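Presented below is the structure to which this report refers.
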Amino acid sequence: MTTPALLPLSGRRIPTLSPGASSFPHHRATLRLSEKFILLLILSAFITLCFGAFFFLPDNSKHKRFDLGLEDVLIPHIDSPKEGKHASGQVVIHGQGAHDEHRHREEEESLRDKIRADHERALQEAKEKLRKSREDLQAEIQTEKNKVIEDLKKKDAGPKPLPPVPMPKVVGVNDGEPLEPDVKEKRDKIREMTKHAWDSYRQYGWGHNELKPLAKKGHSTNIFGNSQLGATIVDALDTLYIMGLHDEFKDGQEWVEQNLDFGVNAEVSVFEVNIRFIGGLLAAYYLSGQEVFKMKAVQLAEKLLPAFNTPTGIPWAMVNLKSGVGRNWGWASAGSSILAEFGTLHMEFVHLTYLTGNPAYYQKVMHIRKLLAKMDRPNGLYPNYLNPRTGRWGQHHTSVGGLGDSFYEYLLKAWLMSDKTDTEARKTYDDAIEAIERHLVRKSNGGLTFIGEWKNGHLERKMGHLACFAGGMFALGADGSPDDKAGHYLQLGAEIAHTCHESYDRTVLKLGPEAFKFDSGLEAVAVRQNEKYYILRPEVIETYWYMWRFTHDPKYRQWGWEAAQAIDKYCRVSGGFSGVKDVYSSNPTYDDVQQSFFLAETLKYLYLLFSSDDLMPLENWVFNTEAHPLPVLHLGNITLPGSEPAQR
């Protein structure tokens, strides 16, 4: 689920790739030393050592003053007993009188002997150098050059190999063919739609972040800066693999291997890059076993870490991949960070710590959790804005749609991904959902259950398309609910699914608007013109899939097929798929953007809806908020570096 405010504000500029210039030729130039200069260096070193021996041999009084200064600074003096702790942790004894004087003299003599030995060794080496022939000197110089060059090559070779870790259990990653011929036919249609979207991007937008399917050229938004990072490629990899489109997957893998470079001077959204790129690369790694995806994910994650360098540890919304400089969106409540953005890192960062052994990733997200746990929450609700400098909430706006959505989702999924051992995450989720149900969930006059938005003590009776994911979340979290409320939350998920289906069914195109109201006699209908658009979003179909998995009620497949047909009829163009600007118009105009999440989420959830349950079983996989599946970590008694032991 993508934070909605990001997309309308997207800039539209053609990205350029400007890799940094190599410094290697500069190093080579510094190695062009003449033999004459080398001899001068040797003689200079010899003379320096001779004079240095004279100046550095300490006299007794100087040494005593130096020694006393160290004790004064490093050794805390205590009265009784006569012991203190040195800064290094060694025990030092004070006040030993004549014994100390004797020890000082021994140390002075030892120091003189060492300097004499070093001096004589250097003198001997200088003599040997002067005896060597010109050819021998040239050979030595060349050897030193080669050593420096090899060191530079090793430095440029990239990070060290990652530590070996057990591969989590990977099951149900392909096939899933349904038994019913009509369902198989629908699934084949979804695969064909995916191939059309991918082939169009391959032909017209390859390497760009997204595609303009009418203009038939590449497209990028401000969430990716001025970069060509191939967001659609990375986002689509696991979808292609799950659908058995292995030639297409191979093309994507080759592009990642040869072209995906994170050393670009580009300011990107930490949240979007995490869920799309790191999530997509990790999922591709777990599905295919190809190491390149893991390595790329780790390289990118290192580029995101500087975003956490704030007074509170709450990350900036954006970070420059090259400089590491971060900042927040200007429109976000006086420079605040956004709940759905800094709260949607846990799944990916836990897997990064698991795969790398680096505790930093796990510690960053746990620090965020602990900070939030200490804060007061108005009515038990989490406001959408938090200032990373002061640690205070921004304006009191709470939403389960844009700006808040995936924070709640990741609390639940942290518990699921930990093999249900992260009970702290589960408790935090349960408390948050209880407050949401008490203050935000309402029934309309027509009997539709919806989730409103809390703004400064007032409930706005409006629900966003993004909030429609919550039906699936309630169903996914039903098992394990406190007070035997599993049936209640499954029913709540079904009611949200029904409301969101109504928002689709009450339009001309049978596609849902971006937001819809429940007042003034209008229910599940968009009122404002700027809320009537559909940009290939997945959230409603996501909820259909979860509800199908948990209930097998055929209406969810029927509703999903209605949406698939509407997308194919009204959003399909010769160059791919486009969003539409008004779902209530029989002659829709296009926004001319094929979003990367259309391949990552919308088409994947449709495909899974018409597959058997043994494809990506929920006992083994947890889907991140961009629909990238990550395996459950059956850690048992194993603890992540920097974590506390898991508690069941």
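Counting begins at 1 with the first residue displayed.
Even glycines carry a Cβ here, placed using N, Cα and C.
Because the structure is a prediction, the values reported are computed rather than measured.
Positions annotated as active site, proton donor by TrEMBL: Glu272 (among others). Using a 10 Å Cβ-Cβ cutoff, Glu272 (active site, proton donor) registers 23 neighbours.
Using a 10 Å Cβ-Cβ cutoff, Asp405 (active site) registers 29 neighbours. Look at TrEMBL and you will find Asp405 (among others) tagged as active site.
TrEMBL lists Glu514 (among others) with the feature active site, proton donor.
As annotated by TrEMBL, active site applies to Glu539 (among others).
As annotated by TrEMBL, Ca(2+) binding site applies to Thr625.
Residues annotated as disulfide bond in TrEMBL: Cys468-Cys500. Taking Cβ-Cβ distances under 8 Å and a sequence gap of 6 or more within the same chain, the neighbours of Cys468 (disulfide bond) are Ile496, Ala497, Thr499, Cys500, Ser503, Gly512, Glu539, Val540, Glu542, Thr543.
TrEMBL lists 154-181 with the feature region 'Disordered'.
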At the Cα level, what's the spacing in Å between Glu272 (active site, proton donor) and Asp405 (active site), rounded?
-> 14
Pairwise Cα distance for Thr625 (Ca(2+) binding site)/Asp405 (active site) [Å, integer] = 9
How many Å lie between the Cα of Glu514 (active site, proton donor) and the Cα of Asp405 (active site)?
-> 14
